[in-house]
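Per Swiss-Prot, signal peptide is recorded for 1-17. The N-linked glycosylation site annotation in Swiss-Prot covers ASN88, ASN123, ASN247, ASN290, ASN313, ASN319, ASN499, ASN507 and rests on sequence analysis. According to Swiss-Prot, the active site, nucleophile annotation covers ASP223. Summarising the annotation, Swiss-Prot assigns active site, proton donor to GLU286 and lists similarity to another entry as the type of evidence. Residues annotated as site 'Transition state stabilizer' in Swiss-Prot: ASP348.
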Amino acid sequence: MKAVIVFCLMALSIVDAAWKPLPENLKEDLIVYQVYPRSFKDSNGDGIGDIEGIKEKLDHFLEMGVDMFWLSPIYPSPMVDFGYDISNYTDVHPIFGTISDLDNLVSAAHEKGLKIILDFVPNHTSDQHEWFQLSLKNIEPYNNYYIWHPGKIVNGKRVPPTNWVGVFGGSAWSWREERQAYYLHQFAPEQPDLNYYNPVVLDDMQNVLRFWLRRGFDGFRVDALPYICEDMRFLDEPLSGETNDPNKTEYTLKIYTHDIPETYNVVRKFRDVLDEFPQPKHMLIEAYTNLSMTMKYYDYGADFPFNFAFIKNVSRDSNSSDFKKLVDNWMTYMPPSGIPNWVPGNHDQLRLVSRFGEEKARMITTMSLLLPGVAVNYYGDEIGMSDTYISWEDTQDPQGCGAGKENYQTMSRDPARTPFQWDDSVSAGFSSSSNTWLRVNENYKTVNLAAEKKDKNSFFNMFKKFASLKKSPYFKEANLNTRMLNDNVFAFSRETEDNGSLYAILNFSNEEQIVDLKAFNNVPKKLNMFYNNFNSDIKSISNNEQVKVSALGFFILISQDAKFGNF
């Protein structure tokens, strides 16, 4: 049976595939933008981005066609993990502003027709949160808000109850003298895991959602959900065989600490809160897990779980069939009512351009915008920002710091979190201060929004062009078909019965290719050139059987009867 499954999955990468007619849910052609507040715009000159800075730049979202943006954590926090260690879920960290500033941002966004959602971090709190401090003292009802265990005695010595290893490495258990017990933390020791088997914890976290929804927020991006429940039998996890170092996260197979079935019931309870409100509220799920476990989130109330295939399944060395498989797998295994989505990057990864190079990064951006469903953009990727070198001395990310001077560059996420490059002025227009929390990329003189607005071939103007096309009601009706035109060229079409068709041709190889577009059914002989990454002077093609595609080249063709696209 395994062999059959593997064969079927492999076959998806080479056969023609089509999805038609396109269900209503696939017409949710939205663009979602991730704001990393520390690095977006500094309004007060302290070198750290803030809420007022985001408000100042809302028109940027409008210009690039964004429908909804989400804020990475802005809550009070000791900043051990840059806001993902929350000490108060219902307030704002002073470095970002005040809760009044946040209310004003919500109002300003809504006035411009933008939706705004918050990062919600339900798996753990900060160890400085009042709940944990009371739990340390064994005060009811907080004594059972976290997962405590007395450990076990081995050779006369007390040791952690299991061999579980945290995401950042080291034991997932830490001892506290106050409780004479170990507490669980799947991330940093300063991030104790909440106990969702305690219904009072779930009630309190549901109330956090209500607090922000009542203030006008349109929903949440929910962080790290696969870790939210554990197997309470506290069994040792089997060893992976990948390493002999018990302090490395890959030392064990996470069968008791990840993807526990009860997780999905918690998600449903979160959705129940969102459904209490008359206006539609959104829930976007972060879950790094396998495809089948990811797809289950659709059935438990998620608008969609993030599709991390561009992050997990392909690299700079991937070939065209890998990209076809990526698309086909998601579209095939997504439930009929699901909304597809495409996530090229986020704050935990190297930047898109640094992972793939500029031309392949442009191709991936093109795919994210022109495939059906939701395109998710990480701040700065719309202008092709790349990773910034950060020295060991200037490293801020705890994941990098914990790796030590010799290994920090392989672990630190700082290079992808540097200030947005607005223009070529001081600190790239991010701040009036030359001393920013992370250094600005030295390429900001040429890679910046102001410069790219003036260059018709820039990354930003490409993004705008495709975003505008995505918004066309006729384009939203278009069915999806995927093809391999040869071993090196992946193509997909968006076809309608009466309103025209689009053909995206992408050569991921380093050699020029000649392809026959008649691999698509009823493709017109003559097609207009909507976009060409290497030759913007070509306006059309008149022979669809012998089409040249430059090395690392791609172009978008539109039928002459199309009611979308501007010519």
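Here the Cβ of each residue, glycine as well, is placed from N, Cα and C on the backbone.
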ASN88 (N-linked glycosylation site) CB neighbourhood, other CB atoms within 10 A:
15
How many other Cβ atoms are found within 10 Å of the Cβ atom of GLU286 (active site, proton donor), counting all protein chains shown?
20
Listed recorded positions are ASP223, ASN313, ASN499; which of them have CA atoms within 10 A of the CA of GLU286 (active site, proton donor)?
ASP223
Counting only residues 6+ apart in the same chain, whose Cβ is under 8 Å from the Cβ of ASN499 (N-linked glycosylation site)?
TYR474, GLU477, ALA478, ASP561, ALA562, LYS563, PHE564
Could you check what DSSP calls ASN507 (N-linked glycosylation site) once collapsed to helix, strand or coil?
strand
Report the member of ASN247, ASN313, ASN507 (the glycosylation sites) whose C-beta atom has the most other C-beta atoms within 10 angstroms.
ASN507
Taking only the Cα atoms, work out how far ASN247 (N-linked glycosylation site) lies from ASN123 (N-linked glycosylation site), in Å, as a whole number.
21
Under a criterion of Cβ-Cβ distance under 8 Å and sequence separation of at least 6, what residues of the same chain contact ASP348 (site 'Transition state stabilizer')?
ARG413
I need the nearest neighbour of ASN313 (N-linked glycosylation site) among the recorded positions ASN88, ASP223, ASN319, ASN507, using C-alpha distances.
ASN319
